[in-house]
Amino acid sequence: MRLLRPSWAGLLRGRHHQHQRHHRRLLLTTSRGSNGEREEQQHSQWSSPGSRSEQLFYAAFWAGGLTLGYHWLTDKKNHVLLEGQKVASEEELEATARLWHVTNRRELPTYRAEEVEQHNSVEKRIWVTYGLGVYDVTDFVENHPGGDKILMAAGSAIDPFWGIYQQHNTLEVLELLEGFRIGNLEGLVVTNVDDELGSPWSQEPQRHALLKPASKRPFNAEPPIGLLAEQFYTPNELFYVRNHLPVPVINPEDYELEIEGGAKDKTLTLDGIKALPKHSVTAAIMCGGNRRSEMTKVKAVKGLSWGAGAVGNAKWSGARLCDILREQGVQPDETKHVIFEGADLDPTSHPYGASIPLAKALDPRGDVILAYEMNDEPLSRDHGFPIRVIVPGTVGARNVKWLTRIVVADKESDSHWQQNDYKGFSPSTDWDTVDFSKSDAIQAMPVTSAICTPQPGARVKVDDDEGHITVRGYAWSGGGRKIVRVDLTNDEGVSWHVAELEQEEMPDGRHYGWSLWTARLPVSEAQRRAGDVEIWAKAVDSAYNVQPEKFEHIWNLRGVLANAYHKVKVKII
């Protein structure tokens with residue numbers, strides 16, 4: 001893409017499409033030494049963007065942070081760019097926004113890269129650059145829960161990370177970012193993101209065409225919900241995919257798993273893990289943001305817009321973690337944690353990480369395994385090949401894929417995903433008052449259920465003989481709690497009907513797999529005449545936890561733990 005310097009009125013005509021057709025080019029300062037040289041890193045597809053990569057990576061956190069902060073900063077946004085201008089459509093507005101950072105703002109001063117670098121603390125004001133723009137994000141940092149990470153990006157460029165964290169490259173984020181602009185950057189060269197970063201997405205695996213992406217880079221997708229209730233074990237190729245970074249390429253012959261924190265450290269190979277006694281467990285894995293799209297209807301939240309399909313049920317096989325840790329001399333201690341790290345690395349070689357209590361890891365009834373098989377087949381790359389830790393009954397975020405390191409530690413993982421993500425809050429907590437350090441990381445998920453068929457808006461034929469409609473779905477509760485009942489109503493709770501359950505017979509506390517259910521609901525003559533029926537479903541687990549009725553009562557700014565009644569409107573024919 002060539003540098004564009006038309007007037008703002010010209011920008012509003014949205015003629016940028018010809019420059020966006022094939023790929024994005026990024027603008028980097030010459031003072032950063034942008035020479036296109038590549039440096040390979042072990043276990044990673046990244047190339048180094050420069051000597052300040054440690055700082056540059058955290059620019060990605062505040063790129064994501066801009067999305068998080070959009071809601072609390074909406075009233076503070078600077079709309080001066082669009083004053084007096086009229087945008088013909090939302091598409092043209094977005095077209096304009098995507099040119100802001102490559103356009104000189106003549107009314108603003110110009111700064112050299114050396115000047116920007118000096119603004120690297122709250123005291124000196126925190127400046128960052130994107131393309132031709134210089135931005136002062138000090139006020140944002142002081143209020144944002146991930147401010148300590150954002151601070152590490154101070155005085156540097158965020159350009160490389162827009163090509164990686166593309167889910168944040170939205171109109172809202174671009175508009176918010178431009179509101180922080182204070183000037184133009186002097187002395188730029190044009191660089192292709194693939195040349196600069198080694199195209200970390202070039203070796204992504206093939207996916208089934210039926211998976212519906214919530215984001216493409218990183219790839220996150222769920223199957224059509226209508227397919228979920230058809231089989232007790234979710235087919236591997238239709239199991240939802242949740243990735244936070246590019247999928248790593250791992251040679252199984254070179255694979256090693258480091259284990260630390262016992263009497264002595266140990267390294268296991270893939271063959272070494274497979275030589276250990278094999279154990280299998282049926283377990284559902286559910287993303288913490290499953291059904292977030294329903295919660296968003298109450299009020300906007302931050303996160304991928306998952307439907308009810310970010311869950312799957314599988315038979316996982318591998319070595320038991322409790323056996324491995326005990327062989328290492330690890331003793332029970334309810335105050336300790338087990339940290340897991342994957343091979344999916346960010347540009348600074350920081351891995352995805354998470355942790356669980358040591359008590360869960362050492363409990364044979366906890367069934368935590370180092371899995372190398374999924375439904376009797378080798379793990380696919382999207383699902384963690386060659387080894388994924390499976391923590392039954394626990395939120396998907398703790399089931400770390402591409403496992404490379406296990407550490408028994410006194411504290412939880414300090415990773416972003418353990419400390420500043422996957423946590424719940426009060427409906428009254430907003431981005432002005434949130435404090436991630438005061439909320440526990442999600443472990444066991446709450447009881448939930450979903451209607452898989454019929455789907456919203458479907459035309460459903462009533463059984464002529466008995467006047468019923470058939471409804472199918474899934475139910476699950478974290479912590480190994482059994483689903484004891486699924487109730488359905490099609491008259492807003494006046495009458496309830498109990499579904500028939502299909503589930504694995506397991507001892508109490510070890511019901512890690514989901515339950516599929518089927519119900520036949522009577523349709524009254526009045527409902528037939530009205531033509532529309534709304535079906536509600538709620539599940540009850542063995543602790544008699546019940547789904548809440550409304551999302552208004554459990555809304556949280558991250559959109560996690562979305563387990564209110566599942567409601568589907570259909571047309572009766």
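Note: Cβ is positioned from N, Cα and C throughout, glycine not excepted.
Per Swiss-Prot, the features are:
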BINDING   His144, His168  heme b binding site
BINDING   Tyr240, Val241, Arg242, Asn243, His244, Cys287, Asp344, His383, Arg388, Asn399, Val400, Lys401  Mo-molybdopterin binding site
COMPBIAS  14-26  compositional bias 'Basic residues'
DOMAIN    108-186  domain 'Cytochrome b5 heme-binding'
REGION    14-50  region 'Disordered'
REGION    190-199  region 'Hinge'
REGION    200-423  region 'Moco domain'
REGION    424-567  region 'Homodimerization'
TRANSIT   1-34  transit peptide
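Overlay of Swiss-Prot annotations on the structure.
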| residue | record | DSSP class |
| --- | --- | --- |
| Tyr240 | Mo-molybdopterin binding site | coil |
| Asp344 | Mo-molybdopterin binding site | strand |
| Arg388 | Mo-molybdopterin binding site | strand |
| Val400 | Mo-molybdopterin binding site | coil |
* To do: Measure from the Cβ of Arg388 (Mo-molybdopterin binding site) and count the other Cβ atoms within 10 Å, all protein chains considered.
  => 24
* Across all the protein chains here, work out how many other Cβ atoms are within 10 Å of the Cβ of Val400 (Mo-molybdopterin binding site). => 31
* Asked: Relative to the Cβ position of Tyr240 (Mo-molybdopterin binding site), how many further Cβ atoms are located within 10 Å?
  -> 26
* If you measure every Cα to Cα pair among Tyr240, Val241, Arg242, Asn243, His244, Cys287, Asp344, His383, Arg388, Asn399, Val400, Lys401, the residues listed for Mo-molybdopterin, what is the largest value in Å? -> 18
* Arg242, His244, Asp344: which of these binding-site residues has the highest Cβ count within 10 Å of its own Cβ? -> Arg242
* Please spell out the DSSP helix, strand and coil residue counts for the region 'Homodimerization' (424-567). => 12 helix, 52 strand, 80 coil
* Confidence summary for the region 'Homodimerization' (424-567), mean pLDDT rounded -> 96
